[in-house]
């Protein structure tokens with residue numbers, strides 16, 4: 001039962017992506033296709049990396065984790081989003097909302113630092129190729145990955161913990177298709193000052209540290225590439241980084257655009273722009289890394305040949 005005036009909210013209503021009933025069915029099929037492509041693409045990459053020993057390198061180790069994060073990240077809210085397109089009342093419990101918020105933030109922040117680790121990996125590969133195997137040892141890769149998940153856990157715990165201290169009275173309609181920080185803060189009937197400070201600190205840290213690390217890494221990378229005399233060597237070095245640069249641009253660019261829309265006070269535009277950040281980016285990542293990567297394409301071709309041979313015999 002939904003909360004009444006002067007009572008504490010135990011359930012929320014997700015406003016969803018659109019108020020127009022005629023758009024719900026087309027949007028359901030659109031996001032179902034996006035979700036299926038995301039699942040197949042990321043599961044496919046995870047399987048390829050697991051079965052092909054020549055892909056057991058630092059670069060593909062980070063890419064394996066990136067695919068795992070995208071897989072989980074997309075599964076946090078997309079099934080509920082699809083259900084909301086076909087159900088009359090988009091109700092979610094307080095506990096369910098906070099749980100989804102926690103895992104959403106955990107995977108988003110972890111992906112941020114995983115992309116940062118990949119930038120450092122590219123820096124070592126291009127700027128210090130002779131020391132690459134020593135510098136990017138299995139132990140170092142494991143530590144960087146562990147650090148990415150720890151940062152995700154810390155950020156998600158801080159945000160969700162502060163959200164749990166808020167009281168929600170009569171307003172219970174979340175103007176979004178998922179439980180996110182800013183739409184929830186608007187519903188609180190108690191002071192959100194602490195939450196706003198935490199948002200400032202956590203978001204500031206999770207933007208500044210990765211951005212500076214990535215920027216410094218690519219300054220050194222570009223400088224090293226420009227010092228390569230042969231055109232072929234320079235082209236090979238650029239192609240090594242191109243997929244990662246595209247992934248970085250999509251992730252950080254769409255996130256920045258989404259929060260610019262939110263900060264301008266336009267919740268409707270904010271939640272529409274967040275579709276690209278939350279749904280499209282996890283779908284595009286496996287396509288970017290598979291279509292532009294020779295090793296992945298070779299591994300995929302071999303896997304398809306094996307499947308064809310099994311079907312024949």
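Every residue gets a Cβ built from N, Cα and C, even glycine.
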Where Swiss-Prot places transmembrane segment among the ranges 271-291, 292-312: 271-291
Membrane topology agreement for residue 96 and residue 270 per Swiss-Prot: yes
Cβ-based contact of the transmembrane segment (100-120) with the transmembrane segment (198-217), 3 or more pairs under 8 Å: yes
Close approaches to the transmembrane segment (140-160) from elsewhere in its chain (Cβ under 8 angstroms; 6 or more beyond its ends): 58, 61-62, 65, 98, 101-103, 105-114, 116-117, 120-121, 181, 195, 198-199, 202, 205-206
DSSP-assigned states of the topological domain 'Extracellular' (76-99) in counts, ordered helix, strand, coil: 17 helix, 3 strand, 4 coil
Counts by DSSP class (helix H/G/I, strand E/B, coil) across the topological domain 'Cytoplasmic' (121-139): 16 helix, 0 strand, 3 coil
Cβ-based isolation winner (fewest other Cβ atoms within 10 Å) among the disulfide-bonded residues 97, 189: 189
Helix-strand-coil residue split for the topological domain 'Cytoplasmic' (47-54), DSSP-based: 7 helix, 0 strand, 1 coil
Collapsed DSSP category at residue 189 (disulfide bond): coil
